[in-house]
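Enquirer: Please see the structure below; I have some questions.
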Amino acid sequence: MSKIKLGPLHVLVLGYLFITLFGAFLLSLPISNAKGLYQPFLDSLFVATSGISTSGLTVVDIGSYYTLFGQLVLMCIFQIGGIGYMTFIIFVAYLLGEKISLMTSFTARESLATHSYDYKLLGKFFRNVLLYTFIFEAIGAVILAAYWAKEFPLSYAVYLGVFHSISAFCTAGFSTFSSSLMNYKSSFTVNMTVSIISLIGGIGFFVLMDIFDHFYRKVKCIPGRLALHSKMALLVTLIVMTAGTIGIMTTEKWPAATNYQDRILYSSFQSISASTTDGFNTIDIGAMSASGLTILIVLMFIGASPGSTGGGMKTTTLGALFVSMRSLLRGKKSFKIFERELPLMTILRAFTVFTLFVMIVAIDLLVLANTENFSYLRVFFEIISALGNTGLSTGITSGLTAIGKFVLIITMFIGRVGPVTIAMAFFARQHREAVRFPQEDIFVG
């Protein structure tokens, strides 16, 4: 009997699956429940999947339903989900001076979108990932704890600061407040802290390190430039967030008492929340207009940048699509941007990601349109939020049927691991093509 061979992509998928199931088991225990009861496993699986995918969708009120133990379990899940479990494995091996296998190197590359296979370079990269993660999470926790110390006892304020800072950096969107951050919608401190922390988490570790290296080279007068990936991610992020802010601010029907400063604050926060997929909200998503919800759907679908804690189709995917369309419409055969040329395989991968995302959304809509008793737009919004690992909701999550919950569980998991990664893990052939056939053109469009 032949042995089953597991490749790096299989290991990555199975690793996340194991953590999800183990987390669901812990959350289902009475020690995690405020009433000391067992949580239905489907619900605990939903929350655990939402945690590992850093989605933030939940069928229960996190603050009142779970004990401190349950909340800490959830916090560990979305911390691992945010920076990837391979980060911890590589870092421990690096500290101990242990060699890692080639499979582990491949798996690590897929986990956080780094180019290196070298053991030492991988170790340093993941060391920096952990370093940046805990530095920024600590800064956010201190600022938020200091703010909430005016309202709550110091120990609880510190806990709130830590929980929400980790949730923001990992773009998880989980909150111990039943209404997310709506009670602090006019707080400049809370809005800016959460937005900046989630932006840092959502821009990608490669981009972060590239920016720091770029400034270091500038100080040392060493010639160099930002990588094309960094430029693309930063440009698309800026355009998407700005467009989202303007769109929400101009299409929403604001109360007459809401001044323009507050409108800008609310709109920018919600635009950043959707585009980084952090999932926090300071306004009632369920009360937004159809236009506002549509804007959020687009932002959530695009999502954050590769190699980040965020989800979605990814900013660079959108950038590659636009570059290819521009080249096609101009009759060009190369894909150029920022004085660089994108490889054809990158363009094909971008179109594949986009196509798979659309296919998953279509399948989910076909199923949930028949199983759920909510409006088409609300169901559509929930699906995009799950696939984009965002966590924003119009308030229908807890009212989903068992089938609806299960569909979203699968959708969130696919969104976290990546549809291309999952497809390649199960369908990609490991051997080279032995035969090549003649080319023949077809008519399209």
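A Cβ is built for glycine as well, from the same backbone N, Cα and C atoms used for every other residue.
Copying in the features that TrEMBL gives for the protein in this structure:
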type	residues	note
TRANSMEM	6-29	transmembrane segment
TRANSMEM	41-66	transmembrane segment
TRANSMEM	72-96	transmembrane segment
TRANSMEM	129-150	transmembrane segment
TRANSMEM	156-177	transmembrane segment
TRANSMEM	189-212	transmembrane segment
TRANSMEM	232-251	transmembrane segment
TRANSMEM	285-305	transmembrane segment
TRANSMEM	350-369	transmembrane segment
TRANSMEM	406-428	transmembrane segment
Enquirer: In the same chain, which residue numbers or ranges, 6 or more beyond the ends of the transmembrane segment (350-369), come under 8 angstroms Cβ to Cβ?
Expert: 301, 313-314, 316-317, 320-321, 324, 376, 379-380, 382-384, 386-387, 403-404, 407-408, 411, 414, 418-420, 423
Enquirer: Among the recorded stretches 41-66, 156-177, 285-305, which has the greatest number of Cβ pairs closer than 8 Å to the transmembrane segment (406-428)?
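Expert: Stretch with maximum Cβ contacts: 41-66.
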Enquirer: Considering only Cβ pairs under 8 Å, which range in 41-66, 129-150, 156-177, 285-305 makes the most contacts with the transmembrane segment (232-251)?
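Expert: Per the Cβ under 8 Å count, 285-305.
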